[in-house]
Amino acid sequence: MNSTPERKFGVVVVGVGRAGSVRMRDLQNPHPSSAFLNLIGFVSRRELGSIDGVPQISLEDALSSQEVEVAYICTESSSHEDYIRWVFHLKPSKEGHLSRKVLHEEHVELLMEEFAFLKKEVVGKDLLKGSLLFTAGPLEEERFGFPAFSGISRLTWLVSLFGELSLVSATLEQRKEDQYMKMTVCLETENKRPLSWIEEKGPGLKRNRYLSFHFKSGSLENVPNVGVNKNIFLKDQNIFVQKLLGQFSEKELAAEKKRILHCLGLAEEIRKHCCPEK
């Protein structure tokens, strides 16, 4: 990135919960990628007026503004599709017609130190079998979507580590009165190696990842303490700005798109297995 950008992209942040607040903080701090972005305002269902001098604006005003060129969608998962459709289909370019858009799918879990460690450990090894269990407190499906989608970052870990996967079976155990849910998914690599992915959520369950990968050359049981995950949203912002500036090759973008669509397709297949239409 050049230290003196020729232009800045106008940004609006949609949703100012934890993620949105961090996004606004990074946009206002002097980082190399922030120099290419100009925070115009934020959109929220709450009446907040302004935050640290940044004004609240309506979604309609953001979409019609000639200044706003970038939207950070930081709301709950279930609303992402609607917001993205509005941004892509209603936002005209400065010339009055729809321009080429950059849709960046954020997966900050791929920027974590734990994943970087796993990537190094797995490369070149022949997998025999593996499992990934994620536990956490209760999560409202109405707000965050079916578990295969709300937990899609774990599925993305597996696909990024072991390549495209196929679904063998999937089951869902739910006790709504106890706020308990357990989704068990059996997957298979292209070499027919078994991988299991489990999402378990309920009262008293701590947010944690438990993994077990067995290779011909040995085993990996969970991830050691590899350091604090610092500035992962900022790392993601750097990647996004590189895309805006055309610094990603077509090959890289195509590979990312293929991975994202593969994971979304798998998640939908899992949902259909767990909740067959009557």
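Heads up, the Cβ atoms here are built off N, Cα and C, so glycines get one too.
Feature annotations, courtesy of TrEMBL:
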type	residues	note
BINDING	Val16, Gly17, Arg18, Ala19, Ser44, Arg45, Arg46, Ser77, Ser78, Ser79, His80	NADP(+) binding site
BINDING	His262, Cys263, Cys274, Cys275	Zn(2+) binding site
DOMAIN	9-86	domain 'Gfo/Idh/MocA-like oxidoreductase N-terminal'
DOMAIN	115-225	domain 'Biliverdin reductase catalytic'
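When the alpha carbons of His262 (Zn(2+) binding site) and Val16 (NADP(+) binding site) are compared, the span between them is 30 angstrom. Around Arg46 (NADP(+) binding site), the same-chain residues at least 6 positions away in sequence with a Cβ under 8 Å from its Cβ are Val16. Within the model, the domain 'Biliverdin reductase catalytic' (115-225) carries an average pLDDT of 92. Using Cα positions, the member of the binding-site residues Cys263, Cys274, Cys275 nearest to Ser44 (NADP(+) binding site) is identified as Cys263.
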